[in-house]
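Trainee: Structure incoming, see below.
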Amino acid sequence: MSSQVVGIEPLYIKAEPASPDSPKGSSETETEPPVALAPGPAPTRCLPGHKEEEDGEGAGPGEQGGGKLVLSSLPKRLCLVCGDVASGYHYGVASCEACKAFFKRTIQGSIEYSCPASNECEITKRRRKACQACRFTKCLRVGMLKEGVRLDRVRGGRQKYKRRPEVDPLPFPGSFPAGPLAVAGGPRKTAPVNALVSHLLVVEPEKLYAMPDPAGPDGHLPAVATLCDLFDREIVVTISWAKSIPGFSSLSLSDQMSVLQSVWMEVLVLGVAQRSLPLQDELAFAEDLVLDEEGARAAGLGELGAVLLQLVRRLQALRLEREEYVLLKALALANSDSVHIEDAEAVEQLREALHEALLEYEAGRAGPGGGAERRRAGRLLLTLPLLRQTAGKVLAHFYGVKLEGKVPMHKLFLEMLEAMMD
């Protein structure tokens, strides 16, 4: 794998915050030009009944269930707030200049709005100025990030902010004091969870929605395009999540890039497996995209359904808990085998801290006894080779899709694919 990917700049990793819909993982400011939209045919989003208006304002799907994902031959995206043509990715979301400016004014002015109706006003290109309260709510719902707006109004600088203000920074390296936290799932006693685990639980990304088009054309290409769009957004979220892990941001930029380029698919695949744990022989690629093995094959994924379900069943047999999942996910990140890492000692230090946190959690879960926590931790760690093998098969499949050239892919997803297969 090459240590450099054409087109990936420090902005992908260093700029904050990230959003599910931004291929850069960064917020735009008034001193930065809009991010160039991916060339070629790209998935666009619209609402049923959407009409283009001469005012530059329309309808967008930000909410679950209301949006439709359709393929278009037009090389452009729509604003997720109002449906107008998006000028770029602003504050983490594909949006038009008008909604970008509205969101910025609202945050900088600390403006509070009140809906004159029932807080359910339709936000379209023509009606977006009718209710500012519902428009602002829509901005937040589709993922616009308040932290991306500079409050000081000073041009040329970058505001300092915390991604999650409720989370105190954790020391790294250092001790992570234990504290009680109720463990979900079963009438088991409370397990002590150290501060690192608590931090990982808090910074765990919110749910993503694929927004597939139920009325779309038959065939597997639209489904594969939906997954490519979903993966592109998940990469952005993964970059933001990785930066929230104590010790990762202290790595050099090149090492951050090398680590992420080598394990991003493992993180995504583990997320699919975790969402699928409550299901029976089904895969939850997103909250609104669940496929069984036959459905995955019909969607153009070949035998990936069976491959992914093998991993899911392994984790189901372990009765993987959420605390264990967030630790395993962080360990998968730190378990990078990239030969381009410059400071291997720093990455090893991160890996050791996460391993110790896993042992501490399992010790509290098992209670006093003869090494049960180490056996449990060992069984969890033994899933990492299967995870890597599974991710490799998923990568190979989508790289083949890329070579066929029939499915539109966004720039970041393409670059990360090429970095892995180079």
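Yeah, the Cβs are placed from backbone N, Cα and C, and that goes for glycine too.
Quick paste of what Swiss-Prot says about this protein:
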type     : residues : note
REGION   : 1-67     : region 'Disordered'
MOD_RES  : Ser19    : phosphoserine
MOD_RES  : Ser22    : phosphoserine
COMPBIAS : 58-67    : compositional bias 'Gly residues'
ZN_FING  : 79-99    : zinc finger
ZN_FING  : 115-134  : zinc finger
CROSSLNK : Lys189   : SUMO2 cross-link
CROSSLNK : Lys402   : SUMO2 cross-link
Trainee: Counting only residues 6+ apart in the same chain, whose Cβ is under 8 Å from the Cβ of Lys402 (SUMO2 cross-link)?
Mentor: Met409, Leu414, Leu417
Trainee: DSSP helix, strand and coil counts for the zinc finger (115-134)?
Mentor: 3 helix, 0 strand, 17 coil
Trainee: Mind looking up the mean pLDDT for the zinc finger (79-99) in the predicted model?
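Mentor: Taking every residue of the zinc finger (79-99) together, the mean pLDDT is 88.
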